[in-house]
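Per TrEMBL, the features are as follows:
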DISULFID  CYS173-CYS191  disulfide bond
DISULFID  CYS209-CYS221  disulfide bond
DISULFID  CYS216-CYS234  disulfide bond
Amino acid sequence: MIFYILMIEMSLKIHGLFHLYHTNSPDNKDCLYSFTSNNIVNEWQLISYCIRNDTTNFENDSDNYCHGDRDYTFEELKLTNVDSYDLYRWSASIETIDKYEKYLTGVDFSFGNHSYCNCSENWFGIRCQYSFDTRYSFENIIEHQFQEKESLAKQYDVVNDEFLLTCYKGLRCHSTICLDWREICDGIYNCEHGEDEPSECFLLELNQCATDEYRCRNGMCIPRNFLLDFSSDCSDLSDEHETYNLRLDNSLCSFTAKLSCDFRLCDSQQISCGDGQCQKISQRCNNGHDLFLRYNILAIPSNTSFQCWFLMLCMTGEVNTDLMGYNYHDCLSSDDSADKYTFFYSFRKICPSSFWFQSEVNSVYPFIRSFGSICGRALFT
Ligand SMILES: [Ca+2]
Ligand SMILES: [Ca+2]
C-alpha cells in the first residue's frame, strides 16, 4: 500500500508520464487517473479514465506484439541494474512496476519470467500501444479536451455525438438523444417503449431508511449526521445537494472534469444537459445538448403547412426561431403577428382545423405529440 501511495505522489510531480492501472482488468481496463482538487467542497478527487472493452475499436486484445524496442524479462532487467523507479520513469504500468519491485525484493521470484515491453518516448501501455500527441501532463490533456468542446457547442448535430457526451450504455433503445444516466428512472419517457422507466424504478422509491438515517435520492441510506456536512456520502451526492447547489456553478460542468458534475442529479422540470448541468426548459445548455432536442421537437411535421408551422414556431420565441434558421423579425413584421393577443386570429386564419405541433413542455416527447386544434387555444396560452 505504501508503494501504491508513493506511485500516486510521484505521478503528481512528473509531467508527461502515463502510468496505466488495471491493465489486466476484463472490463474497464488500462486506466489513467487524474488527481485534482475540488475547491468547491474542499475535497480531492481521483477520477479514473479507463478503456471499456465494449467500445474500444483501436486495440486488438489478441495482439501481444511489443510495439516498443523489445520485451525484456525481469531477470534481464535485474542483470542490467534497472530498478523500479527506472520503470516508473519509462511509463511502465503500475502493475508491472509493482511486480518488478516484488521480484527485486525477493517477495515473489516467480515473476522472473515476466517481461516488460520497453516503449519509445511518448508511448506507453503494456505493449506500447498508446500515445498522446503531446508532452503535457494528463490533467492538462483533459483540460484541453474540455476546452475543445466549447467550439462545438453550437453545432446541434455534433453535440449529440456519443463520442463527445457520456452516453448511458447500459440500455439501448430508440430515443431521440443519447441517454444520460440521469434519464434512467427519472419519470420521463425517453425510450420509445419506455425501457428507461421499467417497473423496477418504483423499488428505488419504496426503500425505507431508519429514523436516524437520511434517504438519498437513489434510495441509499446514510447516517443523518452526514447530511450537508460538505462531504459526499450518497453515491448520487444528494446528501450535499444544497451545498453543491449553493456553491457549484453548474455551468462549469460543461467544461470541467468534476465528480460533483458526474453524479449531479437534475430536479424534475429540468432538462439534463448530459454533463452535470441542469437547466430549466427555457434555458440553454452550455454544451449545446439541448439544441439537438429542440431541433427535433420543432421540425416541421409532414402533415402541417409551412405557414401554420412558422406561426407556431414564432410563438415559441426568438431562440427557437433563430435555431431553425429564420429571422425572428420576420415573425413580427409579417401579417401573422407573433403577438399573443392577435395570435388566435392568425391561428384560425392559417392553420387547418387540426394539426400536429410539438410542444417543449411535453414530457413524453417525441412519442406522444401534442395535438393542436382550432379549439385548442389553452394549449398555447
Ligand atoms: Ca427517463
Ligand atoms: Ca455528506
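Along the chain as shown, residues are numbered 1 onward.
Positions of Cβ are set from backbone N, Cα and C atoms, glycine also.
Please treat TrEMBL annotations as automatic predictions, because they have not gone through curation.
Features recorded in TrEMBL, as mapped to the structure shown.
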residue : record         : Cβ neighbours (10 Å)
CYS173  : disulfide bond : 12
CYS191  : disulfide bond : 19
CYS209  : disulfide bond : 15
CYS216  : disulfide bond : 22
CYS221  : disulfide bond : 15
CYS234  : disulfide bond : 22
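Here CYS191 (disulfide bond) is positioned 31 angstrom away from CYS209 (disulfide bond), judged by their C-alpha atoms. Ligand 2 lies under 6 Å from the Cβ of none of the disulfide-bonded residues CYS209, CYS216, CYS221, CYS234. A Cα-Cα distance of 26 Å separates CYS216 (disulfide bond) from CYS191 (disulfide bond). Distance between Cα atoms for CYS221 (disulfide bond) and CYS234 (disulfide bond): 8 Å, as a whole number. Rounded to a whole number, the distance between the Cα atoms of CYS234 (disulfide bond) and CYS173 (disulfide bond) is 28 Å. For the pair formed by CYS191 (disulfide bond) and CYS234 (disulfide bond), distance between Cα atoms is given as 27 Å, rounded to the nearest Å.
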